[in-house]
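Here is the structure we will look at, set down as structure tokens.
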Amino acid sequence: MGSEDDERALLEAYILQNEGSGLYAGDGSVDSKGKPALKNDTGQWKACSFILGTFFCERLAFYGISTNLVNYFIEKLHERTVVASTNITNWKGTCYITPLIGAILADTYWGRYWTIAGFTTVYLIGMCTLTLSASVSALKPAECVGSVCPSATTAQYAVFLTGLYLIALGTGGIKPCIWPFGADQFDDTDPKERVKKGSYFNWFYFSQNIGAIIASSVLVWIQDNVGWGIGFGIPTALMGVCIASLLIGTPLYRFQKPGGSPLTRICQVLVASFRKRNLKVLEDNSLLHETQDRSSAIEGSRKLEHSNELRCLDKAALISDADIEHGDLCNPWRLCTVTQVEELKILIRMFPIWATGIVFSAVFAQMSTLFVVQGKLMKRTLGSVTIPAASLSFFDFVSVIIWVPIYDSIIIPIVKKFTSKERGFSQLQRMGIGLFVSILCMAAAALVEIKRLQLVTELGLEDEKVAVPLSILWQIPQYFLLGAAEVFTFIGQHEFYYEQAPDAMRSLCSALSLLTNSLGNYLSSLILTIVTYVTTKGGKAGWIPDNLNEGHLDYFYWLLAGLSFLNLVVYMVFSRNYKEKKAAAA
């Protein structure tokens, strides 16, 4: 304990000595040697270039595996379509749950940098295992002979799944840490660096979509036409580049120290406030317990100013007669600091905003499901070329790539003139715009389906599962609108959860934001199940039968548009009353 106190005293001495000089970052960050981070020597874009390079390689590797994985299960492991789809769904679901593991380790013990470094190593081992399973004869099933396709042996299957789930574990340590770690390179207390941080979130998402485009085109082509061994080997090599990029930039990074278990601190506030439930909350907030040090008692966190919401939790920071009598002022299970209480208040305030992201993710899930099914029953030929229905997702990625520079270079400067805000829109305004655009996306999809069904009726194709003479290119607007919605909502969420999360809980809040993707898929499945059950009563075909020509997919799209509108109304209510975090300089 003595060494930690000495280290904190040293940090405070450094900052006090240079206060006002602007030499050191004011957010408590340190350099690779544990000393206060010099602004001119660390962080900002020179450090972020390596972090963006790391993330780009990881995303390219991930999409290089996941985009065409269903074909590997079916063609090489000889799985049935239903089994293959189930395996991939389970794996992707795991990829969105494991970030909770990485986030807790980062916030509690290792910090974001070492969590990323450790889990990229696990990721690389998984990639190597996967590549070997597709390259070594003994580890891959025999080829089909005519219509006879031998199943994979237990050992072959085990090796493949081991590699796959090591990747899921590896990405769980990278996803919740990589974009907060990049944002850590910009000082919250410096107005100029705060503006750069907003731009960073835009280009962070941009790099992800560039990786997705390359993976879904070049790497998929290599896997289908050259071989799976090389197709998996290239992403494996990229993971090596990913690790190298991270390590090379180490001297330039700014580091935030882990603040201990966020879950423990939450429980301490709840227990302490419950123990003092019979005490009256004081009107004078200055009498609430807070450390007198310049820095917060929580490692890696600035002090948080008291808020007047959820006053019942303030009881955890009341110094009772029993505390004084027993001299028990250092037991956080009995007495918490104001900053610790405010951490829990922030999480509670963020919850309704977080919940509205689930509905948006349910809309986003349609891109890889019903949009594809709809496209299959449209004219997919362009000259002599047949367009795969799933390939229209390319326009979603293109939309993001177009909208990010437009937003960063054109929209923000224009909006700043009217709002006087350093980033044009606030994070909450930006997310709200994205929720509104998602309604337009569902409306566009519904209008295309209405037109498609009109042609079905005119041509008398209700009982035939055949495509109608309506070009699949009419789907481009709905994909393009979805990409625009992503730029506003998903990037806005990244920025919001970083800025508004307690300093020592940023990785955890990042993981929770990723969890909305998983829950959105589950919500989409639930809505689809309920709609199918209700609309097929009495032997009816229902809205979404196997043959969409006799269904009403447009009704389902309008339903999602309606739910999205209600979601936007709820969001506006909570966002209008949202109280932003107020933190003091470290």
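Quick reminder: no glycine exception, Cβ is built from N, Cα and C everywhere.
Automated prediction, rather than curation, is the source of TrEMBL annotations.
Sequence-distant neighbours of the transmembrane segment (113-137) (same chain, 6+ residues past either end, Cβ-Cβ under 8 Å): 54, 58, 61, 65, 72, 76, 102, 105-106, 156, 159-160, 162-174, 177-178, 181, 228-229, 231-233, 235-236, 239-240, 242-243, 246-247, 250, 253, 255, 507. Marked as transmembrane segment by TrEMBL: 113-137 (among others).
The feature transmembrane segment is assigned by TrEMBL to 157-179 (among others).
As annotated by TrEMBL, transmembrane segment applies to 200-222 (among others). Taking Cβ pairs closer than 8 Å, the transmembrane segment (200-222) reaches residues 45, 48, 52, 55-57, 59-60, 62-64, 67-68, 179, 182-183, 185-186, 230-231, 234-235, 391, 393-394, 397-398, 400-401, 404-405, 407-408, 486-487, 490-491, 494-495, 498 in its own chain, all 6 or more past its ends.
Marked as transmembrane segment by TrEMBL: 228-248 (among others).
What TrEMBL lists as transmembrane segment is 353-373 (among others).
According to TrEMBL, the feature transmembrane segment maps to 385-407 (among others). Below 8 angstroms of C-beta separation, residues 202-203, 205-206, 209-210, 212-213, 216-217, 367-368, 371-376, 378, 472, 475-476, 479-484, 486-488, 491 of the same chain, each at least six residues beyond the ends of the transmembrane segment (385-407), sit close to that stretch.
TrEMBL lists 428-448 (among others) with the feature transmembrane segment. Tertiary proximity for the transmembrane segment (428-448) is limited to same-chain residues at least six positions away from its ends with a CB under 8 Å from its CB atoms, namely 353, 356, 360, 363-364, 366, 371, 374, 470, 474-475, 477-478, 481-482, 484-493, 495-496, 554, 557-558, 560-561, 564-565, 567-568, 571-572, 575, 578.
According to TrEMBL, the feature transmembrane segment maps to 468-491 (among others).
Annotated transmembrane segment per TrEMBL: 512-535 (among others), in sequence order. Packing against the transmembrane segment (512-535) from elsewhere in the chain are residues 93, 96-97, 99-100, 175-176, 354, 357-366, 369, 493-494, 497, 542-544, 556, 559-560, 563: each is 6 or more residues past its ends and has a CB under 8 Å from a CB in it.
Within the same chain, residues 352-353, 356, 359-360, 362-363, 366, 370, 431-432, 435-436, 438-439, 442-443, 445-446, 449, 527-528, 531, 543-544 sit at least 6 positions outside the transmembrane segment (555-574) and bring their C-beta atoms closer than 8 Å to a C-beta of that stretch. TrEMBL lists 555-574 (among others) with the feature transmembrane segment.
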